[in-house]
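**Q** Quick paste of what TrEMBL says about this protein:
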- Gly108, Ser109, Thr110, Gly111, Ser112, Gly113, Lys114, Thr115: ATP binding site (BINDING)
- 707-717: compositional bias 'Polar residues' (COMPBIAS)
- 17-257: domain 'Kinesin motor' (DOMAIN)
- 258-302: domain 'Kinesin motor' (DOMAIN)
- 704-743: region 'Disordered' (REGION)
Amino acid sequence: MLVREYWKKSFSQLMKLFEVAVKCRPLTARERGRDIVRVHNDKEVLVLDPDLSKDYLDRIQNRTKERKYTFDYAFGPNSSNLDVYKRSVRSTIAGVVQGLNATIFAYGSTGSGKTYTMVGTRDDPGLMVLSLNTIFDLIEKDHSSDNFQVTCSYLEVYNEVIYDLLEKSSGHLELREDPEQGITVAGLRSIKVNSADRILELLNLGNSRRKTESTEVNETSSRSHAVLEISVTRKQQKEYPNQVIRGKLALVDLAGSKLTRILKDGLSGNSQTIMIATISPADNQYHHTVNTLKYADRAKEIKTHIQESYDSYCNYMRNQFALQTEVSRLRKELAEKESQLNAKPEKAPDDEISWLNTLSQETSENVQERINLQKALIELEETNLRNRKELQHLDDAIAKQQVIENDGAVVQALQARRQVILDNIRDNDELGVGYQKEIEANEQRRCQLQDMIDEAIRNNGNKTYLGILSQYRLLGITNTELQFEMAIRDQIIYSQREAQRNLWNLLMSLGLNEKQIVELGAKQGVTVEDIQMTTPLGLSNTTHTPNMTDERYTSLTRPTFYDQSGAISPCFFPQDGEFSSRYFPVETRKPPRAFFREEHHTSYYYVSHGLSPSANQQCCSNQPSSYYGALDQQTRGFHNSFPLKSHHISPYDESGDAWAVANRKEVNMNSYVGMSSTWDPCKGMATNHGGINQGIFGRLPVEESSNKVNSQHSYTKSPIPARPSVPHMLPSHVNSKFKREKF
Ligand SMILES: Nc1ncnc2c1ncn2[C@@H]1O[C@H](COP(=O)(O)OP(=O)(O)OP(=O)(O)O)[C@@H](O)[C@H]1O
């Protein structure tokens, strides 16, 4: 059967997710009482007042104990199990073979006929037997080429303990939560069966092991709940080869009346459930009968609830179906593309082809290598993000210990851990720089290879053929790259959503309401639903954001703004919240706006270096326009800045450098947001990451007593852990990946 048809059918079957049937058994030979139950119209159950002495007046004054209920199905004492099965159960069983779950359970007081209804006798087989016959019948008649497998388990719950009825001497079994299958019984035997007869054998065996005892109304009263579970696994062969559909049928014979909880269990998941409420017609069972009917009546309320769940379930299933269709469409498309790719072009001279093959092969290896390097780099950076987080926590803990608890041993242990983390960060950073270099070399090689391929094609007589062949080869390579890019893109989308949510929270926690944020965003050219981090929320009113691809920047080269001795490019920070450096054209000095946030109380930090006093003046003279900045070793750029509170600002030292000062011994730049630029040696220009970034730049050793650092380029002696930078070959929005944890 087509999956579409199958779901269509299933939906209509699901419309009756929960049904209640009432079955009244005949009076037994032992019962001497009066029959007080009447069944009308196959739906109504009337229970007469067992007290015959009530007169007409009592009845019209509503003092009668007569009760009337209506159910989905009602069966009188003359109905056989087969009657019950045909009308209320059979259609549900058909769904199990199509992958649906069904639960059929009997509920009623002791001696009311639950076991008789579920198990039955040789002459009047019960619902378990009839259901099994149907399942095997349907499998046999199935015209599809699908493969079926039927398994069966039978358990007993006695005094809250689970036993395996298919095991000779079963121990206690435990419930486990399985991520895929939900709640399962650990160690329960599940036997593969090929016929209803085999299951009946097992059923009889299990029944003989059930705990029973004689009660006033029932000689062989079951003292336990029994659950027979039949699983039907259907492996499709045609439309969706090897797609597996699993249906389950649970047939439950309940012992007592723990109804609500049991109902809840029975109804969890997407199971069609049929409750068979069994009652005795005897007048001395009046209270039990009415109680059972009341419960059964109340169970109808569950139906409404199920209908609601059902609606969302249907939606879910529809989505699933749509996704399946989409996947199958894509599969087909892919197959078509592949066959196009495999179509061989006309033959060309062997040596040319082999040369092209060599180049294509090398290009493919080159791409793979680059992907691997990028992956390694990303992992490395993620590790270091975690390291830096831990470092921050350690710093907090150490500070807390020093100020509040002052426990030397604890501080020592924390500092030891801190050192380990620092070492790891540095090692990783070095490794990262190595990866970056390898990536650059790889990229250069790629350019060379492409040039060689172009050259080979240009100089050959059979240009068209080789061109096509080359394109065909490169198409495969591009595919690999695209797949990698897609994977990263997915991750970025996820990260950006998270960052966006956090940003909202941050802004709200700063006291801005939604409207203000939207207005602020609009002023800054930010669409609030999709906050563009490349145009950061700014503190200034300036709206200019430099276009870093502008050719004016391309003349810049790395040595201009950084050398190994630490003679980095100066950054200066105008009071309106902007920052600038030689990255930006001298003639405009119009840097991007930046939104900065300081989370940490820090001490000294390098603000600027090597500028003339006037430049420094421009940088820091107007309070509160002071910023931290730090050196980015990976990108060789002077990275970032953020504002400090005015009392944290130091004067300049003799060299003209300005330092930010705070009340801690060391600076931890681990947790702020700011703005950064990185140098892209390939493009020969700086890239503005803009907006809010991770800003991880490490610390500088400082003298606690001093308000300034007397250290000409002291940062070079104490390496600043590099900010996790982004491999420049990756899509530009990969940058966002490193922004997410800050909000
Ligand atoms: N439809 C029926 N036709 C004939 N006899 C029946 C029918 N239903 C039940 N009985 C008889 O009534 C008695 C009690 O039935 P059964 O053992 O099924 O009750 P039960 O609800 O399972 O009881 P317990 O909860 O104590 O196990 C049995 O002797 C059974 O044969």
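For all residues, glycine too, the Cβ spot is worked out from N, Cα and C.
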**Q** Counting Cβ neighbours within 10 Å across all chains shown, tell me which of the binding-site residues Thr110, Ser112 comes out on top.
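**A** It comes out as Ser112.
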**Q** Look up Gly108 (ATP binding site) in the DSSP assignment and reduce it to helix, strand or coil.
**A** strand
**Q** List the same-chain residues at least 6 positions away in sequence whose Cβ sits under 8 Å from the Cβ of Gly108 (ATP binding site), in sequence order, or say none.
**A** Lys114, Ala277, Thr278, Ile279, His288, Thr292
**Q** Could you tell me which three-state DSSP class Gly113 (ATP binding site) falls into?
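**A** DSSP call for Gly113 (ATP binding site): coil, neither helix nor strand.
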**Q** What's the number of neighbouring CB atoms sitting within 10 A of the CB on Ser109 (ATP binding site)?
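**A** The answer is 20.
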**Q** Anything from the binding-site residues Ser109, Gly111, Ser112, Lys114, Thr115 with its Cβ under 6 A from ligand 1? List those in sequence order.
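**A** Those binding-site residues that pass the cut-off, since their Cβ is under 6 Å from ligand 1, are Gly111, Ser112, Lys114, Thr115.
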**Q** Looking at the domain 'Kinesin motor' (258-302) alone, can you tell me the average pLDDT?
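**A** Here the predicted model's pLDDT, averaged over the domain 'Kinesin motor' (258-302), is 75.
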**Q** Taking the Cβ of Gly113 (ATP binding site) as centre, how many other Cβ atoms lie within 10 Å?
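**A** The Cβ of Gly113 (ATP binding site) has 23 Cβ neighbours within 10 Å.
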